[in-house]
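Undergrad: First the structure, then my questions, so here it is.
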Amino acid sequence: MFINSKPILFSAVQPSGELTIGNYIGTMRHWSNMQNTYECLYCIADLHALTAINKKKKIKNVILDTLALYLACGVDPNKSTIFVQSHVCQHSQLNWILSCCSRFGELSRMTQFKLKKVQNCIENSNIGLFNYPVLMASDILLYQTNFVPVGKDQKQHLELTCKIANRFNFLHGNVFTIPKPIISENGSKIMSLLDPTKKMSKSDVNQNNVIFLLENISSVVFKIKNCITDSEHPPKIYHNTNKKLGISNLLEILSAITNKEINFLEQELHGILYSEFKSIVAEALSKFLLKLQKSYIHYRNNEFFLQEIIEIGAVRARLKSQETLNKVFSAIGMV
Ligand code: TRP
């Protein structure tokens, strides 16, 4: 099951709504290839999703949607452990222990918390949002993870994970493996379409900023054609995240879905108009999404198969995580 000849890799996505091309390009795009090099655990972080629960959406359906998307992205249940976070209670148990090893100050400094807390009002923000990075540390450390592929926005959380793990190891003896990030240079942070100074986020109030993986194609084309570029004259297509945020974002999207280097694309697209460039991106993205959506529907229609995968995944994850939890209990001197 866990033949530890390969390094362990852990990754997760929150099933808090429909996933975006930002989730795919930043994280899930790499998952399929990683299965050959690493012992992979792919988790559906439903407990994290409770920090932003939307009563209208049935979380059960969103979990199965997310799982079907994992499979459509090439995650193979015969190669990897795929599981739902809440099925493995060890995550919540370690979360408490690590909370007692985390500092109020360091959690207050997390950028994501600062951005997501209720309109600058700590009073009405839920504690789960504050504690979010500690649960994330528990996810990672429970499996003696060596590598975590993260988007740039999650890098700070991973640094905190290492800090908490080092602190625990220092206080109680070497229990946790210290994980390393895998950050891909291009596309690890896809920006909003109409305001490319901020990250593309599924919870954006203006849905024209976001492209969802399961979105209908005419809407995808509309959004790309209307996204923000710049007014450089004559128009030039090159990557520069200071001067040309919108164009750089489109280049990153195109590069990720076509597997062509940005340098190569810059040469290939030299001298064309922005409108032509947008058409090229829209067409490539439509082709890519149609294929992904077809595969998604195939898996999503087989709920029995999906349930089976997460049951098997939970059994494996419980076994592995309990090994670590036993070491933790014993290190801190619990009976
Ligand atoms: N916070 C991550 C995100 O929103 C999801 C996540 C939860 C995660 N636990 C994790 C990612 C552990 C990496 C490792 O994208």
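Cβ coordinates come from backbone N, Cα and C, glycine included.
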Undergrad: Gln14, Pro15, Ser16, Gly22, Asn23, Gly151, Lys152, Asp153, Lys199, Met200, Ser201, Lys202, Ser203 bind ATP according to TrEMBL; which of Ile8, Ile190, Ile211 goes with them?
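TA: It is Ile190, as the record lists it for that site.
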Undergrad: State the Cα to Cα distance, in Å, between Ile190 (ATP binding site) and Asp139 (L-tryptophan binding site), rounded to an integer.
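TA: Just about 24 Å between their Cα atoms.
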Undergrad: Using CB under 6 Å from any atom of ligand 1, narrow the binding-site residues Gln14, Asp139, Ile190, Met200 to the ones that qualify.
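TA: Close enough to ligand 1 are Gln14, Asp139.
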Undergrad: Taking the residues Gln14, Pro15, Ser16, Gly22, Asn23, Gly151, Lys152, Asp153, Ile190, Lys199, Met200, Ser201, Lys202, Ser203, which the record names as binding ATP, find the longest CA to CA distance and state it in Å to the nearest whole number.
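TA: Across Gln14, Pro15, Ser16, Gly22, Asn23, Gly151, Lys152, Asp153, Ile190, Lys199, Met200, Ser201, Lys202, Ser203, the two farthest Cα atoms sit 19 Å apart.
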Undergrad: With Cβ-Cβ distances below 8 Å as the criterion, list the same-chain residues six or more beyond the ends of the motif ''HIGH' region' (15-23) that contact it, or say none.
TA: 44-46, 48-49, 52-54, 57, 59, 62-63, 65-66, 69, 151, 189-190, 199-203, 210-215, 253, 285, 289
Undergrad: In whole Å, how far is Asp139 (L-tryptophan binding site) from Ser16 (ATP binding site) when you measure between their Cα atoms?
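TA: Counting only the Cα atoms, the answer is 17 Å.
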Undergrad: According to DSSP, collapsed to three classes, what secondary structure does Met200 (ATP binding site) have?
TA: coil
Undergrad: Roughly how many Å lie between the Cα atoms of Lys152 (ATP binding site) and Asp139 (L-tryptophan binding site), rounded to a whole value?
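TA: Cα-Cα distance, Lys152 (ATP binding site) to Asp139 (L-tryptophan binding site): 18 Å.
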